[in-house]
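Step one of this worksheet: look at the structure below.
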Amino acid sequence: MAQHQQISLPAKLINGGIAGIVGVTCVFPIDLAKTRLQNQRSGQQIYKNMMDCLIKTVRSEGYFGIYRGAAVNLTLVTPEKAIKLAANDFFRHQLSQDGARLTVFKEMLAGCCAGMCQVIITTPMEMLKIQMQDAGRLGKTMFGSNQVMPSVVPTMKMGGTSTVLSRSYNTTHAPQVVRMSALQITKELLRTKGIMGLYRGLGATLMRDIPFSVVYFPLFAHLHQLGQHSSEHPSVPFYWSFMSGCLAGSIAAVAVSPCDVVKTRLQSLRKGANEEIYKGVVDCVRKIWRKEGPRAFLKGASCRALVIAPLFGIAQVVYFVGVGEFLLGYSPYNIYSA
């Protein structure tokens, strides 16, 4: 068994990388719409819904504007997906006794542990991605579309709670916003706040990812098992893995959507005009509830479900078909059919 686990680790990394890259490429524009919808406040609504957000983004920022921040995701999604899926398998195996079927509680516990492991990569990835995705929305909230505007160069002052803007007024009719790249943001965060600067919003990320994994993995395991023909033939068709991943992912995504809204607000370093500054998770929840009402916690929920469903559907197909094992010449292995 030790040898089997050793040779399967590179396969898990390959599976996670392929699944993540394909999934992110397909659904990233919807994820960008989700971030911008979650970050806009009542009274400053630029976008009516997901389609309105995507159309306005393409018109103002071009086609590649809807992929702003995708490079960060594509870079870090391989270890993130590999950790999430491999950790769940590892903990399920550790909790199983003599190959006996896991109880629901142990399945949830394995998912909980997997969720805790993945935040090592998820938190900085989400932190940088949100800054890139939300830049276009901030350009619209700070300026009107047909008025004299200042040329703005944002200086990321990470030591404080707000962004310092140096302005030189001119008569252009479009905002001239110098955007910072993910690498520049990373360097500035490391210079001013150290490694913990990349882990801003860690508590909110844990608050989202642990419940998500607790709901997702047991639900997927049971849905996936329904596709088995018999105990003697535990394999299932690839389309059943895809549908199981989609359904389990969308349900889990909607369930933790309020936590995702809080995380997005906390990790947004740059704020638009008159936007709240949050001191922590509790302060963020309190201010959103008081100023925007309970419905604000479901902002972008449908977008998040549309992002997560195919993302995890694709991930589970790649993982359970065993693409990595095939490429390396090994036999596919997964804990659910063990």
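The backbone N, Cα and C atoms fix where each Cβ goes, glycine too.
Because TrEMBL annotations are produced automatically, they should be read as predictions rather than curated entries.
Quick look at what TrEMBL annotates:
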REPEAT    7-94  repeat 'Solcar'
TRANSMEM  13-33  transmembrane segment
REPEAT    102-226  repeat 'Solcar'
REPEAT    236-325  repeat 'Solcar'
TRANSMEM  239-262  transmembrane segment
TRANSMEM  305-328  transmembrane segment
Same-chain residues near the transmembrane segment (13-33), Cβ under 8 Å, at least 6 residues beyond its ends: 47, 50, 53-54, 57, 66-70, 73-74, 77-86, 133, 300, 303-304, 306-307, 310-312, 314-319, 322-325, 327-328
Averaged pLDDT, computed only over the residues in the repeat 'Solcar' (7-94): 83
Three-state composition of the repeat 'Solcar' (7-94), taking helix and strand from DSSP: 75 helix, 0 strand, 13 coil
DSSP residue counts for the repeat 'Solcar' (236-325), split into helix, strand and coil: 70 helix, 0 strand, 20 coil
